[in-house]
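Just below is one structure, and these are the notes that go with it.
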Ligand SMILES: NC(=O)c1ccc[n+]([C@@H]2O[C@H](COP(=O)([O-])OP(=O)(O)OC[C@H]3O[C@@H](n4cnc5c(N)ncnc54)[C@H](OP(=O)(O)O)[C@@H]3O)[C@@H](O)[C@H]2O)c1
């Protein structure tokens, strides 16, 4: 095991004034010229450097098919950081980082390029004291995962046994396209790296508001006693986007909303909402509890009614006319890919039996919002005139993941006046108002955790496979069917509203 900063005898690990710093190490980004690297990964590395969270011996190593010397990649990375960083861009921070930016040109089927990479990492042991420590970020098309993993196995890049350091791999979603392909990929990744060195990214887990679910539920006494089927009527989890498919037509048309969002982000949010309290706050204990929830998830018998998918038609958004999915560039005119999906799931445990969990996601919906809404049961008895409570709905606890990050509690209050009238009011907590510290980007947190070796916020292989077990039957049910249509700028197809209406409920308007 490589020594970590916390082994410093002058440093008390309980002291929170000084952040934990990773070991001197290299972050190797395969696909360093791609969209994700440019928009998210490189800016996140800059933000970490700006916050003083990278060790002095940190090296950023880009790998892609450009014939670039280090300086060209450094310039590309500087522009990406300047454009995408969350924290202010400061030349002195960048200049310090730029001295440790390297580029390796090469294609994934090019043995010589991977041999060069292995030699470069060896030389960094001397120049930067990385002692063999390296994390490999696979920011590449999913079809290239196997070839890159095999190259790393062939060249011994996946093991730092000789130097005593660590080797880790970060795998981007989508992790497979069904259970079978996920199993094959898991088997390969776990064969090439040790399972504890594999970090599967679900960037939603890097969001502060998602982690706040742990604090909300397990650091307070208020919510946990009512967090069960005795008090909860239903749960709605929404991830809505106002944008269309952008420039990722090829990827999206093969994937669709259920595989792109429901299989990972929505099911992870469901698992965090429904899980039991972990015995401690550690990677294994949290993953164990999430896995128990995913294993207990049941699908509705009537999939036609309770698993709805849709595709947007042209419409209006924010005063602008937007094209329908079939008119988007590079989308086949006959495409049956869904851009919206909604499903009712059950959780077969003592805590949740009988409570429906409604999940929905879609593109070209009226606004960008992600939230978890807990609907509580109505009071068993209301000692008022019937007319006094016509404006009173279910009590609701809404965890706003993004934007306007925070929590809202909705409950009934007397309307001022001489008559007794009860109406819904809201109590709001906003991160932006309660704290002066701005929220870090998810990728900042996750890259730092990879370098620290902390897997708490990364789903493991069993969770990924269990999520496909839930999604595969939906895909089979939908195969060959045509998605319902919905106008861009609306909250999805009528069939999604009918699904809740049939249960006597309505979707929340976020
Ligand atoms: N973009 C997003 O917002 C986003 C969000 C979530 C997850 N992801 C996932 O992140 C990964 C990367 O996505 P992306 O959008 O960044 O993809 P992208 O823009 O297509 O970038 C792909 C990168 O891989 C490199 N590459 C492709 N084939 C190669 C080969 N044979 N040899 C060497 N390099 C090769 C490309 O280098 P060249 O410059 O040489 O072509 C480029 O740097 C994917 O798994 C995607 O599903 C992306």
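Here the Cβ of each residue, glycine as well, is placed from N, Cα and C on the backbone.
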Kindly point out which candidate in 178, 190, 260, 385 is recorded by TrEMBL as part of the substrate site with 203, 207, 241, 363.
260
Binding-site annotation, TrEMBL, NADP(+): partner of 31, 32, 33, 34, 35, 36, 37, 38, 173 in 51, 65, 78, 154:
65
Report the largest Cα to Cα distance, in Å and rounded to a whole number, among the residues 31, 32, 33, 34, 35, 36, 37, 38, 65, 173 that the record lists as binding NADP(+).
22
Could you give the maximum C-alpha to C-alpha distance in Å for the residues 203, 207, 241, 260, 363 that bind substrate per the record?
21
Which one is it, among the binding-site residues 31, 65, 203, 207, 363, that lies nearest to residue 265 (active site, proton acceptor) by Cα separation?
203
Out of 33, 207, 265, 363, which recorded positions lie by ligand 1, with a C-beta less than 6 Å from some atom of it?
33
Could you work out which of the binding-site residues (35, 260) has its C-beta surrounded by the smallest number of other C-beta atoms within 10 A?
35
Please classify the secondary structure at residue 33 (NADP(+) binding site) using three-state DSSP.
coil
Identify which of the recorded positions 203, 265 has its Cβ surrounded by the largest number of other Cβ atoms within 10 Å, counting every protein chain shown.
265
Any idea which of the binding-site residues 65, 363 has the thinnest Cβ neighbourhood at 10 Å?
65
